[in-house]
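Asks: From TrEMBL, for reference:
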| type | residues | note |
| --- | --- | --- |
| TRANSMEM | 39-63 | transmembrane segment |
| TRANSMEM | 84-110 | transmembrane segment |
| TRANSMEM | 122-144 | transmembrane segment |
| DOMAIN | 131-265 | domain 'Fatty acid hydroxylase' |
| TRANSMEM | 165-187 | transmembrane segment |
Amino acid sequence: MLVQVFETIWETFQSKDSVLQSMWDYVRLNHSETLRSPLFPVILTVASYFVLCLPYLFCDIMGKKWPAINRYKIQPDKMPTTAMLLHCSGVTLYNHVLLVFPAAIAQWMWRPPVPLPERAPTLLELAGGVTVNLLLFDLQYFIWHFLHHKIRWLYVTFHAIHHKYSAPFALATQCLGGWELVTVGFWTTINPILLRCHLLTTWMFMVVHVYVSVEDHCGYDFPWSTSRLIPFGVYGGPSKHDVHHQKPNTNFAPHFSHWDKLFGTHADFSFAKAQ
């Protein structure tokens, strides 16, 4: 009898529409061709990247003229110059035009667009899928990043450009060698497929991943930073990544801190902070 009750509850839970269903129905029925385009995920991530960089870029331009914000700058005496900002923007656009967009077309030819699912994910499925994707990417990039610092040829050939600046800033997030950008893009694309995520979960993961990546490089440790909102120090955040750019043999994981702690490469923030 008790088993039947639980089965009834579970069937009811499964049949209940997600709170995202009405929104998903609207975009699915009215913008299907756009969502199924091979360029949609690329346009989504590139647009998200520059939009999310804008607030930090404004902070950098204002600099010491805005003391209420500048006091949260991790390295307040190292502000990005106009030349640095233009260089990073140029590298980002170059990589996307010559690598990312062609790769998106190639991926579409290899795996043609599938029909959009009728049902939307639940909020729990959405949050769980984004979290699992972030954790999986964190492991992949930790290994990749560690190897590219330990093997000199890999570092000099592919990764050194990202360490051109010892004080990270938002637009330096995607100042990467082409090989690095392609591998990062491959994981963020293939992981949701392997995990059988809903397309809405996949796109949300891509945007969240762009956000946390920009935040890690922003150079500011705000009270609302993700690392301060997530308890117990399990998330690295901008301060920890700032340490990596000054002490390159530490803090290899892009977001979380457990892999660095496990392998002895974790380093806490220890530089002079603005009060």
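Any Cβ shown, glycine's included, is placed from N, Cα and C.
Curation plays no part in TrEMBL annotations; they are all automatic predictions.
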Asks: Take the transmembrane segment (122-144) and find every residue of the same chain, 6 or more past its ends, with a Cβ under 8 Å from one of its Cβ atoms.
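Replies: Long-range Cβ neighbours of the transmembrane segment (122-144): 18-20, 183-184, 187-188, 191-192, 195, 197-198, 200-202, 204-205, 208-209, 212, 252-256, 259-260.
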Asks: Mind checking which residues of the chain, 6+ beyond the ends of the transmembrane segment (165-187), have their Cβ under 8 Å from one of its Cβ atoms?
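Replies: Here the qualifying positions are 49, 52-53, 56-57, 60, 74-75, 78, 80, 84-85, 87-89, 91-92, 95, 98-100, 103, 136-137, 140-141, 144, 148, 157-159, 213-214, 216-219, 238, 241-242, 245-246.
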Asks: Against which stretches of its own chain does the transmembrane segment (39-63) lie, if we need a Cβ under 8 Å and a gap of at least six residues from its ends?
Replies: 69-70, 73, 79-80, 85, 92, 96, 100-101, 104-105, 169-171, 173-174, 188-189, 202-203, 206-207, 210-211, 214, 218-220
Asks: What counts of helix, strand and coil residues does DSSP assign across the domain 'Fatty acid hydroxylase' (131-265)?
Replies: 91 helix, 3 strand, 41 coil
